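In what follows, a structure is listed as structure tokens, so that the remarks can point back to it.
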Amino acid sequence: MPTPTPTPIRLAQTSAILLSSSLAGVSLAFSAFLVPRLLDLPVPLMLVQWRATFHQGSKTMPPAAAAAAALYFYLAAAHRRSARGVYYLTAGVLSFGIIPYTVAFMMATNRMLEARAERAERAGMLEEVVEEVLEEADGVGSKFLVDRWGVLNLGRAVMVGVAAVVGAVVTI
């Protein structure tokens, strides 16, 4: 008869899979549902709404990714003498990986959108004035930047989604 899995391991498995799959769902929802709705808005309002969403996400997503990664690393250590440990380690790296991915691939876009949102708020949301001010510096449209952010964000959704699948498969 096989030895039952200890409760702390089961809790870590369940929590890690739940966290990483939830992160994947939220990231995917941002790109698939939120960004298209933002693109329907007037530019000043779009920028202000993007920034509000971004700030909320930046408070919750990195800590949740780090927590999922820590749980996967704990599981990797608990299974270090078996192949399962390598899979948990992979899931942990993928979960934590959204943080350096954001810095490497999204930070420039985030900064441009942040600056434009601030200018939009200072201009008092006057669309004709703001649109002119927001487009003049680099020739890149604000809607293009929000759309690019949505596409880049899909990379994060894929990373934590794969982490969740790897974690679930190795657990089962």
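The count begins at 1 with the first shown residue.
Each Cβ is built from the backbone N, Cα and C atoms, and glycine gets one as well.
Taken from TrEMBL, the feature transmembrane segment covers 16-39 (among others).
Long-range contacts of the transmembrane segment (60-79) within the same chain, counting only residues at least 6 positions beyond its ends with a Cβ under 8 Å from a Cβ of the stretch, are 9, 12-13, 15-16, 19-20, 22-23, 26-27, 85-86, 88-89, 91-93, 95-96, 98-99, 102, 160, 163, 167. Taken from TrEMBL, the feature transmembrane segment covers 60-79 (among others).
Residues or ranges marked as transmembrane segment by TrEMBL: 85-109 (among others).
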Tertiary contacts of the transmembrane segment (85-109) (same chain, 6+ residues out, Cβ under 8 Å): 16, 19-20, 23, 27, 61-62, 65-66, 68-73, 75-79, 145, 148-149, 152-153, 155-156, 159-160, 162-164, 166-167, 169-170
Beyond the flanks of the transmembrane segment (16-39) by 6 or more, those residues with Cβ under 8 Å of it: 46, 49-50, 53, 57, 61, 64-65, 67-68, 71-72, 75, 91, 94-95, 98, 143, 146-147, 149-151, 153-154, 156-158, 160-161, 163-164, 167-168, 171
